Amino acid sequence: MTTHLVGLGVLVVVGAVYPLVFPGALTIAIAVLLFAGWATAWDVLGGWNGQVSLGHASFVGLGAYVVAIGASHGIAPWWALPLAAVAAAVLAYGWGWTTFRLRGPYFSLSTIAVAEILRLIAINEGWLTGGATGVFIATLPEPFGIDLFSRTAQFYLALAFAAGVIATVIVVSRIRFGYQLRAVREDEEAAMAAGLDPTGVKLRAFMLSAALTAVGGGLYGMVLAFIEPHVIFSLLLSVQIALTSIIGGRGTVWGPAVGALILVGAGEAFRTTFAQANLLIYGVLILAVVLFVPRGIVGELVRRHVRRRYARRAQS
Amino acid sequence: MRSSFAAVVAAAVMALAAPAPATAQIEVGVINSLSGNFAAFGERYRTGLQVALDEINAKGGIKGQPLTLSIQDDRSDAQSALAAAEAFAGKGVPVVIGSYASSITGPLAQFLTRRKVPLIVLGSADDSITKPGSPWVFRAKHTSTIVATAYFDYFDHLKATDKSVPLESVAMIYGNGAWPSSLGKVGKQLAAARGYKIVGDQAYDQGVTDFRPILNRFRAANPDILYIVSYAEDGVAITRQMREVGLGAKVIAIDTSAALPSFVQQVGPSAEYVATAVSWSRDVKYPGAGDLYERLKAKAGGEPSFYEAEGYLALMVAADALGRADPKSRESVRDALAATDITTPVTTVNFKSSDGVQGQNPIRSLILQIQDGRHVTVFPADLAAQPPRHPTPAWSAR
Amino acid sequence: MTDWVILLQNLANGVLMGGVYALVGVGLTLVFGVMRTINFAHGDFVVLGMYAAVLFNALLGFDPYLSLVIAVPVGFLTGMLVERLVLARIVDAPPESALLATLGISLIIGNAILLTVGGEPRSVQVAYASTTISIGGVHVSMVLLVAGAATVAAIAGLYALLHRTEIGRAIRATAENRLGAELVGIDTRAIHAIVFGLGTMLAVVAGVTLIPLLFATPTNMGAVFTLKAFVVTVLGGLGSVGAAIAGGIVLGVVEVLGASYLASEYREAYGLAAFLLILLFRPEGLFGRTVKRV
């Protein structure tokens with residue numbers, strides 16, 4: 001627990017000074033923070049609760065569109081973001097209510113199908129989303145004279161988002177709900193025998209995960225200032241979010257954030273150094289992690305640490 | 001593994017943070033899709049940019065200083081493009097050229113406008129980029145409105161020149177991507193405004209490979225004109241299946257895919273008579289077009305398309321403005337761009353604002369028709385190399 | 001054309017497209033049924049088959065179908081190699097590992113093609129690409145018929161292999177109970193390699209068969225095929241090879257009828273909605289016999 005709080009403190013302090021040290025590399029840092037937040041939010045359902053979703057781009061898209069449509073109707077982001085969270089939770093409730101009778105890979109497949117249908121709706125229903133050509137976010141209000149389009153402001157918002165999601169997970173991992181999540185993940189029948197309602201637990205995890213993801217989606221919309229449904233609802237984004245979490249280490253507090261730092265960082269490094277081969281190298285990297293650190297990077301470190309502690313205890 | 005990896009990341013971070021060395025050359029930033037979904041287009045744009053660069057430096061560069069390009073890959077992804085744009089904005093490049101997809105160029109335009117860096121659009125043709133536009137964004141190539149208008153001008157022209165062939169009804173198919181759907185939308189407005197009856201109007205999702213249900217529906221409606229907007233690969237499948245189900249029309253227009261050299265090669269004789277709109281062709285009557293064709297062909301190592309020409313055009317516009325401005329001042333470059341008035345082998349360029357549009361060159365789109373296995377410019381008449389072959393015979397009569 | 005001729009035409013097209021989908025899906029079904037691995041690279045292997053045909057056609061002037069002679073064994077060996085080098089190492093890891101690994105493979109295949117062949121869409125131009133056979137006013141595409149015949153042949157061959165040979169019995173035993181199969185002396189590691197080889201081979205055959213009809217692009221098409229294969233697999237019944245045909249035909253007919261009589265822009269959604277309904281209410285698939293919940 002204290003380690004996690006120290007980690008959170010480090011994140012906030014490092015984050016606070018980052019724009020002063022690297023004022024010319026904020027976009028990439030925002031991307032790391034958003035992916036850290038999304039992957040951590042994904043992990044509430046995918047890691048702690050063991051339900052692998054490949055449709056989380058739907059919530060990113062939902063968040064971005066609520067902010068964009070809100071902005072065009074004069075609704076400020078500080079109202080639009082909570083609204084997006086609520087809308088995402090409602091969507092997740094309906095989505096989970098219909099598909100949580102499925103388990104394992106079947107559930108994962110169903111999330112792809114639902115997300116693809118939502119993508120088609122976003123593209124085809126122009127009255128709702130502005131259609132396939134996308135929408136601009138042209139104006140945002142300026143609270144206390146802060147330009148919400150400036151990268152510095154967006155960086156701090158993304159930092160608050162990532163830190164907030166990680167803090168939420170730290171809390172969740174300690175409270176009763178967190179133990180329920182893990183109980184359902186490990187053995188649904190046993191959890192049921194112990195008086196838990198597995199579907200109810202999964203639904204709550206999905207709603208929390210979706211709401212947090214949508215907040216990040218809203219911020220992403222502000223960063224892009226122009227959103228196109230093909231891109232923001234794409235299966236590739238869903239897969240990236242899941243990959244980030246799994247490579248970092250599922251069911252750990254810091255794994256998804258570490259995954260975001262590595263994957264987004266690697267993507268940027270390869271983009272600037274290897275140009276055309278960068279996605280190829282990305283694929284090789286994923287393969288390498290799966291083969292050599294199958295628990296994810298943080299998951300592997302935690303396992304070694306725990307082993308060493310047991311070994312020390314056994315000696316003394 | 002992990003430590004070497006960290007080293008790569010650290011090196012990248014250092015590279016981003018390090019100040020640019022001062023040199024006696026002018027560097028233009030290019031953000032282009034060299035990997036990912038749009039890599040095929042990015043490669044073509046790069047060829048065109050290179051040809052323009054060679055030409056500019058062979059003529060002595062900009063005011064005696066050599067011009068260089070700093071080309072950044074955006075991985076066909078907006079977030080990477082924005083990271084590259086941020087680096088360019090911090091580095092002090094006088095002007096940025098980019099990118100292909102509107103999902104990337106839209107965010108780029110927004111960001112560079114806020115950072116007050118002039119942007120010359122490389123490939124995106126979405127109306128919304130220059131309408132309302134921004135004082136910092138310039139586009140020498142076409143928009144969806146310009147292209148759709150060119151098609152309907154062509155239909156009107158055919159109708160007026162050969163009155164024995166009635167052209168009254170139009171059926172449309174378009175993909176649901178940004179470009180096809182905006183061309184579909186403008187097409188519908190134009191058809192209504194110019195008195196064509198819309199007898200078919202169907203969208204499809206990218207990745208669909210079976211168009212028979214749509215084509216069979218159209219066959220029952222028997223349209224005079226087929227207005228098809230598709231991505232490169234879909235157009236091949238649509239044309240083959242059109243012949244298969246026996247759907248013909250007096251005019252068949254297929255946007256984007258039919259303009260690629262590979263279309264003729266892959267569709268074969270069924271490609272004859274198909275019309276398509278482009279921003280440039282090798283036989284257009286602009287001075288130097290034939291010479292440009294040879295240079296693009298040599299650089300590309302294959303048959304060039306209008307994409308290469310658009311890449312060439314973007315850099316020529318940048319170089320012209322840099323030659324008339326103080327390359328150290330972005331305001332000065334912006335003002336020089338706004339005052340552009342040149343003729344290139346691709347087209348004439350000036351950025352006059354009108355009708356809520358700014359920074360847009362009112363380029364004249366060309367209509368090409370595939371005749372005897374070659375793309376031939378057939379419209380507008382004063383730029384055409386050959387008259388159009390009209391009407392298109394039925395499949396059974398070919 | 002009268003309405004019922006149009007309906008017949010649509011049904012015929014739906015069934016034939018279904019044959020194509022079945023061919024794309026059957027390899028995935030086999031791999032999932034035996035190895036419990038969801039292969040995200042399946043569609044990329046289909047694309048690989050397409051490029052094989054394109055290259056043979058372009059370099060040697062072969063008829064695309066003739067490239068099967070080389071593509072089939074190469075596909076089989078590639079699959080075995082991928083299984084041995086990657087999947088065999090993570091056979092005891094959590095199921096998501098295989099999903100991730102195949103995603104990595106998918107990225108590698110697509111971008112390796114992009115780097116070597118380039119991103120331009122490629123296809124082959126053959127005389128019979130638009131040929132049709134007319135039966136009572138209903139036009140049937142020659143290439144689709146060939147694809148349908150290939151599907152039937154592939155699935156019949158696979159059925160014979162699974163039910164008439166010793167190796168087939170071993171494969172089925174491994175699918176049923178891997179530990180039990182090991183106990184009776186079956187080398188399940190070798191079986192996994194063979195099965196993945198077969199799955200890859202079937203994907204490559206699908207690619208070669210489809211190229212006269214379609215076109216190949218390195219990075220876009222793979223995901224489309226993978227998704228179709230999933231849908232076919234779930235509709236028919238996960239792990240049931242014969243049911244892949246039925247799953248494919250259901251998908252083809254639902255899509256074609258939806259696109260013909262409802263809004264065409266939602267074509268993909270009709271198949272996916274059918275997929276979800278089957279998954280929810282008949283998770284064993286339309287034609288599967290037992291519930292196989294993992």
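Count begins at 1; order follows the chain as displayed.
Glycine residues also receive a Cβ, built from the backbone N, Cα and C atoms like all the rest.
Summarising the annotation, TrEMBL assigns transmembrane segment to A:20-42 (among others). Listed by sequence, the residues of this chain that lie at least six past the ends of the transmembrane segment (A:20-42) yet keep a Cβ under 8 A from its Cβ atoms are 53, 56, 60, 151-152, 154-155, 158-159, 161-162, 164-166, 169, 208-210, 212-213, 215-216, 219-220, 223, 240-242, 244-245, 248, 256-257, 259-261, 263-265, 268.
Per TrEMBL, transmembrane segment is recorded for A:54-72 (among others).
Within its own chain, the transmembrane segment (A:78-96) is flanked in space by residues 55, 58-59, 62-63, 66-67, 70-71, 111, 114, 143, 199, 202-203, 206-215, 217-219, which lie at least six positions past its ends and keep a Cβ under 8 Å from the stretch. As annotated by TrEMBL, transmembrane segment applies to A:78-96 (among others).
What TrEMBL records for A:117-141 (among others) is transmembrane segment.
Distant neighbours of the transmembrane segment (A:153-172): 1, 4-5, 8, 11-12, 15-16, 18-19, 26, 29-30, 33-34, 36-37, 40-41, 43-44, 48, 146-147, 178, 181, 208, 212, 215-216, 219, 222-223, 253-254, 257; these residues of the same chain sit at least 6 beyond its ends, with a Cβ under 8 Å from one of its Cβ atoms. Among the features that TrEMBL reports, transmembrane segment is placed at A:153-172 (among others).
Long-range contacts of the transmembrane segment (A:205-227) within the same chain, counting only residues at least 6 positions beyond its ends with a Cβ under 8 Å from a Cβ of the stretch, are 27, 30, 34, 37-38, 40-46, 48-49, 51, 53, 56, 59-68, 77, 80-81, 84-89, 91-93, 95-96, 100, 134-138, 140, 148-149, 154, 157-158, 161, 165, 168, 172, 181, 241. For A:205-227 (among others), the entry in TrEMBL reads transmembrane segment.
The annotation transmembrane segment is assigned in TrEMBL to A:279-302 (among others). Counting only same-chain residues 6+ beyond the ends of the transmembrane segment (A:279-302), those with a CB under 8 A from a CB of the stretch are 243, 245-252, 254-255, 258-259, 262-263, 266-267, 270.
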